[in-house]
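**Q** One structure is given below, represented as structure tokens, and several questions about it will come after.
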Amino acid sequence: MEGDCLSCMKYLMFLFNFFIFLGGACLLGVGIWVIVDPTGFREIVAANPLLFTGAYIMLAMGAMLFLLGFLGCCGAIRENKCLLLFFFMFILLIFLAELSAAILAFIFRENLTREFFTKELKKHYLRNNDTDVFSSTWNSVMITFACCGVNGPEDFEAVPHLPYSPLEPAIPEACCQRELQSREGMFVNREACLTGIERFQNRQGCYTVILNSFETYVYLAGALAIGVLAIELFAMIFAMCLFRGIQ
């Protein structure tokens, strides 16, 4: 009976590690996509140190889970105590790091509010000055998502004009409609847009557009994170039980 329990534990351990292996592959894929994505999201990440760090942490976590899932599968099938102990210690460290990151994300979630982004835009945005990283990033976001400001074009009423161009239009040209949503895309009617004709402007705020675009993926990422934490917890339990059961 003890041998049957040990065998059952071994295959359960293999199963959970296989899911860890898949979870690591998913995180690795998402991390690579965020870093190399050519549609403008990469520029947002590069301009924000917190997001930049988070993307590489996700990439590193994915690679580690990918490797540890593979090692856990090998340790379970071969009944190798050294591999199982190595797996348990590292999966425990990853589990604690992920749990800490989740707690920090919950604590600092207020930094992702509409009011926070509006305040930052009005404080740091320099309109069409693409030599400034913050302004260039915002311009890329507005062009890519066909939006304007955080809440709409009215956000730019409080944004000061550049010293050398006091007659600059009320909204930046990044808010003008384009035939193709990229920096190379042709304007539908740039002059009419900058003179205030609304039908040639993108009137919707970026906060709502981006939130709607990523809402499904945020819930999916949250569900995936909870699933990965649960699988890691069970995998640690099975690893220790199997470690103690191997003679």
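These residue numbers are counts, starting from 1, taken along the chain as shown.
In case you wondered, yes, glycine gets a Cβ from its N, Cα and C as well.
Grabbed the feature section from TrEMBL, which reads as follows:
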type: TRANSMEM; residues: 12-36; note: transmembrane segment
type: TRANSMEM; residues: 56-77; note: transmembrane segment
type: TRANSMEM; residues: 84-108; note: transmembrane segment
type: TRANSMEM; residues: 217-243; note: transmembrane segment
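What's the neighbourhood like for each of these?
**A** For the transmembrane segment (12-36), the residues of the chain that approach it from at least six positions outside its boundaries are 42, 45, 55-56, 58-70, 72-73, 75-77, 87, 91, 221, 224, 227-228, 231-232, 234-235, 238-239, 242, judged by C-beta separation under 8 angstroms.
Using a Cβ-Cβ cut-off under 8 Å and counting only residues 6 or more beyond its ends in the same chain, the transmembrane segment (56-77) has close neighbours at 10-11, 13-14, 16-32, 34-35, 83-84, 86-87, 90-91, 94, 97-98, 101, 228, 235, 239, 242.
Counting only same-chain residues 6+ beyond the ends of the transmembrane segment (84-108), those with a CB under 8 A from a CB of the stretch are 17, 20, 57, 61, 64-65, 68, 71-72, 75-76, 225, 228-229, 232-233, 235-236, 239-240, 242-243, 246.
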